[in-house]
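Copied over from TrEMBL, here are the features:
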- B:Arg107, B:Lys147, B:152-158, B:182-185, B:Glu190, B:His213, B:266-267: ATP binding site (BINDING)
- B:111-296: domain 'ATP-grasp' (DOMAIN)
There are 2 protein chains.
Amino acid sequence: MTDTLPLGSTIGILGGGQLGRMLSVAASRLGYKTCIFEPGGDCPASHVANYHFQKNYDDKDALIAFAKSVDVITYEFENIPTSALDILEAHRPIRPGREALRISQDRLTEKTFLNELGLATAPFANVESAEDMIAAVSEIGAPSILKTRRFGYDGKGQARLKSAEDAETALIDMAGAPALLEGFIDFTHEVSVIAARGLSGEVACFDPGENVHEAGILRTTTVPARLSASQRTDAILLAARILNALDYVGVMGVELFVTRQGLIVNEIAPRVHNSGHWTQNGCAVDQFEQHIRAVVGLPLGDGQRHGDVVMENLIGEDMDRLPELLKTRDAAVHLYGKAQTKPGRKMGHVNHIKGKAG
Amino acid sequence: MTDTLPLGSTIGILGGGQLGRMLSVAASRLGYKTCIFEPGGDCPASHVANYHFQKNYDDKDALIAFAKSVDVITYEFENIPTSALDILEAHRPIRPGREALRISQDRLTEKTFLNELGLATAPFANVESAEDMIAAVSEIGAPSILKTRRFGYDGKGQARLKSAEDAETALIDMAGAPALLEGFIDFTHEVSVIAARGLSGEVACFDPGENVHEAGILRTTTVPARLSASQRTDAILLAARILNALDYVGVMGVELFVTRQGLIVNEIAPRVHNSGHWTQNGCAVDQFEQHIRAVVGLPLGDGQRHGDVVMENLIGEDMDRLPELLKTRDAAVHLYGKAQTKPGRKMGHVNHIKGKAG
């Protein structure tokens, strides 16, 4: 295990939300310590991390001190300021690497990269002005969806066009931010592949999960997904192609639309992914541990699933159902320790364990 | 859920070892914070707990400050000084309660309590002097085993008597500490029941596991254990009898010898137990979460097992096998973050997931 970080080393994590929290727990399970960098106080990851740099991303001295206090740096969200990454990278390796971040931070770059790899995406057109918008609508048509190129998540920064008449309002919704008009995809369902690539280049994928969204937020992931054997193979091969092309190290979430014409890549996330939470109760090595293994240079788990799982997000008022869920047989509850319940806020998730893998 | 501690409350844990570590992780999963009290620095639990009082058990001010900073107090080991417990209990509830601690801290009290409940134990005799020893050997005979009444663990503070001639050396081994001579039990195997009792009195047991010890230290726990249906029922009923008699709140480990004459109680531990680690990968709610649920007043998980598991402790040089274990399919590795590997030291454990519950 050349280049493996010794046990007891410290993993720096940018971001202190629930993904950082579950990464910290997984790191501890493998005997590593964690240090998070997160401007907010009392954040989910701070409850279980060894150290917390509660500093801003424009605080150069803090970034340097953070980098020097850890052995490797990873992250739980992709929208990290480039200036901060430049400072950090001068001191410690960042895994997954900068190229994956650069590509996934911008929808235009991402879709272009995927197409160049030979992977299908929704048709798209760049929209930076009213003129662009007119050209884009004439090219892509409607129904379609206008999305900000950067900083979108959980359905935020998106506007639907039912017809060409919605173009103006949609553009106003973007508030001047560069955007992408994406054509409508006639898909039967959405699946995602949680794929990992190790420091020595090996790739391992978890079984694809089937995702259901509501109001742009993931509601449930069901494993196994409805996929034919050949679709399953295709999904895994295309995920591997993306990881290899990026010389990627870590876990990536790859969202796919299942259509009659084949699989279409919706988007990629260079991090552990909400649709991979089921692995906590369905696999010997879950996505969080898999990511940590990759980042510290340990061999990956093989992704083997020992049980079927339905993962359900607990969003906002879903927390009212907690007393009942805690009494539900085979329900594994995972809460994020967020002080306030707000509408649309991810407060936790439940893995309903459905028994032996089929 | 009357008397349930609100989410975000802080659970105080006495002791900072691996059990405290895994209790902290389980507490976080349910949205609670943890504060450990442990004199040692860089201890396993400190890596994942919110707060760490690195103070001694004779530091009255620190104990009061600790108690006031938490909402309820639990513990990962039973040999807590009574003086410390007195101080803590004046400020916050201690769960499991004092009676369970009093009984399990002394082998004589424990065996007497069990016999009074109508439960079988090995024959025993109190040994506080050379005269006691002569009387004990004449009553109990040999082979037998002399054990210190207090502070024994993992086979420490024990001396075997192959014949009556070993009596003198055995007594010297006790170094003047009050001891108990226990008669030899002709058992086929040892099992343990990890039982839990909630704040409102409900009892839930995990499936009994079969334990194999080496040099007095637990080596493996295999689930399911070799037990007939009626033995399984007996095991669960007797565990429940113990918990109810103590008005117990939390998880208890009950070690049983399986003999032709029935089940004999070896010892009880008023805490999460090494032989319950398999539940982390075999149950929706593991023993650590079960303990936290009891302590904060949440409903218990039902103990349902969704898979068969063989738990193997990683002791001392077993850590040399780590590279191989990390590559083993269906092996879930749990390390404790201890800085130094020492012979006989528990460094971690592996749950080998054997598939669907049979």
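We count from 1, first residue shown onward.
Just so it is clear, glycine is given a Cβ too, placed from its N, Cα and C backbone atoms.
Note: TrEMBL annotation is automatic and uncurated.
Mapped onto three states, the DSSP output places B:Lys156 (ATP binding site) in coil. Sequence-distant neighbours of B:Arg107 (ATP binding site) (same chain, 6+ apart, CB under 8 A from its CB) are B:Phe124, B:Lys147, B:Thr148, B:Arg149, B:Arg150, B:Gly152, B:Leu180, B:Glu267.
The Cβ neighbour count for B:Lys156 (ATP binding site), using a 10 Å radius over every protein chain in view, is 12. B:Asn266 (ATP binding site) falls within a strand when secondary structure is assigned with DSSP. Around B:Ile185 (ATP binding site), the same-chain residues at least 6 positions away in sequence with a Cβ under 8 Å from its Cβ are B:Ala122, B:Phe257, B:Thr259, B:Ile264. Contacts of B:Asn266 (ATP binding site) defined by a Cβ separation under 8 A and a same-chain sequence distance of 6+ are given as B:Thr121, B:Ala122, B:Glu190, B:Glu255, B:Leu256, B:Phe257, in order along the sequence.
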